[in-house]
Amino acid sequence: MLMYIHLLLSFVLRCLNKGAIVRDGDINDDGSARNSWELCSIQQIEEVKCLLRIVPICISGIICFVALAQQFTYIILQTLTMDCHLGTHFEIPAGSVISISLIALTAFLPIYGRILVPIARRFTGVESGITLLQRQGIGLVISPISMVVAGLVEHKRRNSALSNGGKSPMSVMWLAPQLILMGIAEAFNAVGQIEFYNKQFPEQMLTLAGSLFFVTLAGANYLSTALANITRKVTTRDGHTSWLTDDINLGKLDYYFYFIALIGVLNLFYFLICSHYYQYKSMSLHAEESIKVHTKEEAEAEADANTAPWEVVEQ
């Protein structure tokens, strides 16, 4: 028995439904479309709708990871001006501090799956505890919080460094809270995005679903660079010192972190609007008996029938 998934007709983006309206001369004698660019099946139209509905959610993911890119960019500079010793004999390499975020991500995932999901399932009745969009939304809430924490720590670090000849006696572990929060934000948003794309992409394009997540990461890095350049240009007007300088003790990196947090809050409201109007794809599972061996002519006829736009949409 052959099983295949069929997308049901939705009334979102109804203008695209016109592509399935059959007019005189659109269909050949064998039932195939005369011009596949002018006449499409409902299945093809719904697949396009799936992609278009995903785009706004993808944009919110790009903005979310800007915070991650910023912390990873400047945290090494912060570490170099702090006390990296743990005890009397061990010193943390500056580039290794970032691993705190990855450790937090790795440690939180089993906690989420084993503890939080069953608890949430009792209240929501959802098998996964919360929906795919709710999981991403929680990550979007935590992300700006981590940037606010980063700003507070940076303000304290800079004042301490300026009072001690440029080298702060603060322990590098002061950076741990913001990194832990960012790791938890990744556990919600990043993993939520991957699962969301894998379940909401058209069936014929599932092999590309995972790659879209890496597109969001790349977009976040490009956007991060653009924001840094804009910030330097704007804050150096009228002879003022840039927020982002080579010597972070002379800049205002904490202000920049607050600025990224503000963008994260605006992104959260944008995501709430998009998720409110988002419609999950609806599918029906069809079964076909395939016992007999088809002849070449029968196989070709079936292939034409499967691709033909049998569904007719009325205006």
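Cβ atoms are placed via backbone N, Cα and C, with glycine included.
Unlike curated entries, TrEMBL annotations are predicted automatically.
Noted in TrEMBL for the protein shown:
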| type | residues | note |
| --- | --- | --- |
| SIGNAL | 1-17 | signal peptide |
| TRANSMEM | 54-77 | transmembrane segment |
| TRANSMEM | 97-117 | transmembrane segment |
| TRANSMEM | 137-153 | transmembrane segment |
| TRANSMEM | 173-192 | transmembrane segment |
| TRANSMEM | 204-223 | transmembrane segment |
| TRANSMEM | 255-273 | transmembrane segment |
Take a look at 54-77, 97-117, 137-153, 173-192, 255-273 and tell me which one has the most Cβ pairs under 8 Å to the transmembrane segment (204-223). 54-77
Counting Cβ pairs under 8 Å that are 6 or more apart in sequence, does the total for the transmembrane segment (255-273) and the transmembrane segment (97-117) reach three or more? no
Given a Cβ distance threshold of under 8 angstroms, which distant residues of the chain, six or more beyond its ends, lie next to the transmembrane segment (173-192)? 61, 64-65, 67-68, 71, 75, 78-79, 82, 86, 97-98, 100-105, 108-109, 112, 132-133, 135-136, 138-140, 142-143, 145-147, 149-150, 153, 156-157, 213
